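As recorded in TrEMBL:
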type: DOMAIN; residues: B:3-355; note: domain 'RecF/RecN/SMC N-terminal'
type: BINDING; residues: B:GLY30, B:ARG31, B:ASN32, B:GLY33, B:GLN34, B:GLY35, B:LYS36, B:THR37; note: ATP binding site
Amino acid sequence: MYEGVVQDLIDELGRLPGVGPKSAQRIAFHLLQADPADVRRLTEVLTVVREKVRFCETCFNVAEAQQCRICLDPRRDVRLLCVVEEPKDIVAMERTREFHGRYHVLGGAISPIDGIGPDDLKITELVRRLGAEPVDEVILATNPNLNGEATATYLSRLLRSMGITVSRLASGLPVGGDLEYADEVTLGRAFEGRRVVDA
Amino acid sequence: MHLRHLTLADFRSYESAEVPLAPGITTFVGRNGQGKTNLVEAAYYLATLGSHRVAQDAPLVRAGAEQAIVRAAVMRAEREQRLELEINPGRANRGRLGKAPLGRPRELLGAVRTVMFAPEDLALVKADPAGRRRFLDELLVARQPRWAGARGDYDKILKQRNALLKSARGAPNRAAVLESLPVWDTHLAQVGANLIYARLRLMQDLQPYLATAYEEVSGGASDARTTYRSSLHGDLAQTIACGEVPQVEEIESAMHESFARQQAAEVDRGLTLVGPHRDDLELRLGALPAKGYASHGESWSFALGLKLAAFTLLRHDLDTDPVLILDDVFAELDAGRRERLAEMIGDAEQVLITAAVGADVPAQLTGATFEVVKGAVHPR
């Protein structure tokens, strides 16, 4: 235990995701020894981020205005809508530069153990969007784990009854990987999702 | 297969131990509480990633230490493979196969396979269904390690579904909460049906070995049978009890049907009442259930028969013998059963035996003997 404010700092840092007690201690002492200007910049960003950043009123991505940059972009294809769990998933999708449609952020996945049901996600908002926007296809890009799959199942049941084409991101072998190192679940999925090769 | 050596660091009572092993019989002799069982428990843990004595990892780590490490070298078909497992209570365990660190310890499964018989196994006959389900599922994993993943998924989905049922019980708008129940039904039925199917196929394969093993252990009686008691509603449970194996799709739709019929009761109790986690492996001697009817001696024969059947099944399946572990069992058996057991295991590639008194072990089981005193292992 350290005295007073140093311990407070370590405790606060330790509450952040991915930071254990040892890392918290290291970061705290790094901050104590760092250039005061660097620390001041960090403090300012921390203060401003909560005030300035909001969530896009359409897709719930992080935004600095009422709508995020993607929803405001007229070049985006409004007929394609990709549903993700978190804003960070949008960043990952955008890095691919493959997708030119728009997004919808659910804000998590269904998990009854954590008390998260469909009502706690932005699903009503999604349905409302589908009523108002000319969307042809919804791409479910929730995580390929149990809760993500459950959320995808829930959404596909709901949306199919509305007559919308629903697709799910393929899961399977990582590109550049070796078959022999793939675990059996992944390999099984890859088999299920195999495609006929066009000559 | 056989273990060539076993190394422990901060495992149970051992600060460190290094035990060279050879094919054939190895006996660990020592008074109670000296650490004999801890040695074979470590070997069993490497094979199953679980202990036969405790459900949590914390008791496996020596008091005061942060982690325990178990290392072994396994010989299979003239090839040596090295295994290492770091047991970190409260954090993820870490495995290593050869020099390569594994993404998950689960990938260690299959590298070494064991069948253990211990005094706790009497519960297979006398106690609750949970132990019998564990016997089936462990054998399933020993045969095909991928079932460990399916088993884990099933438990996670089950927990989610139960949490949803519980929250519906207390909610004023029950229907709204249950709106997402079909999602969990779908996933649970899918994984659950596959698990039930695999268990049924396993039992089919096990039955002939069980009949033979029981006959040999008990000295003549050949009426040991098993019946799968399914928690499904409707005709399919009956079909299964008669020993038939339905298609996975049939089991899946029967699960859905049972969910539908049971919904009120499930919400009432906040529990999933149908599925592999509620099934039982009924053990019978002729027409009578072993539980409640079998004598003490017959119960031992049955428990031993199940384990020996598992051993023979794996031997045929894998083209190599699993390591057979007999933990403190000779003291529990009468002279006749002792002798017959000794005869049956004489040709196993490797048998690890623990005993408090060396004289309990039948004389024909000769091999290396180690003395275990206060957490130290000495060759005798």
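Cβ atoms are placed via backbone N, Cα and C, with glycine included.
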Message = Cβ atoms within 10 Å, counted per site: which of B:ASN32, B:THR37 has the most, among these binding-site residues?
response = B:THR37
Request  = For B:GLY35 (ATP binding site), just give me the three-state DSSP call.
outcome  = coil
Task = Using the centroid of the Cβ atoms of B:GLY30, B:ARG31, B:ASN32, B:GLY33, B:GLN34, B:GLY35, B:LYS36, B:THR37 as reference, list every other same-chain residue with Cβ within 8 Å of it (recorded ATP site), in sequence order.
result = B:THR354, B:ALA356, B:VAL372
Request  = Have a look around B:ARG31 (ATP binding site) and count the other CB atoms within 10 A of its CB, chains all included.
outcome  = 11
Key: Those residues of the chain, 6+ apart, with a Cβ under 8 Å from that of B:GLY33 (ATP binding site)   = none
Request  = Determine the Cβ neighbour count for B:GLY30 (ATP binding site): the number of other Cβ atoms within 10 Å of its Cβ.
outcome  = 24
Query = Roughly where does the domain 'RecF/RecN/SMC N-terminal' (B:3-355) sit in mean pLDDT, to the nearest integer?
reply = 92
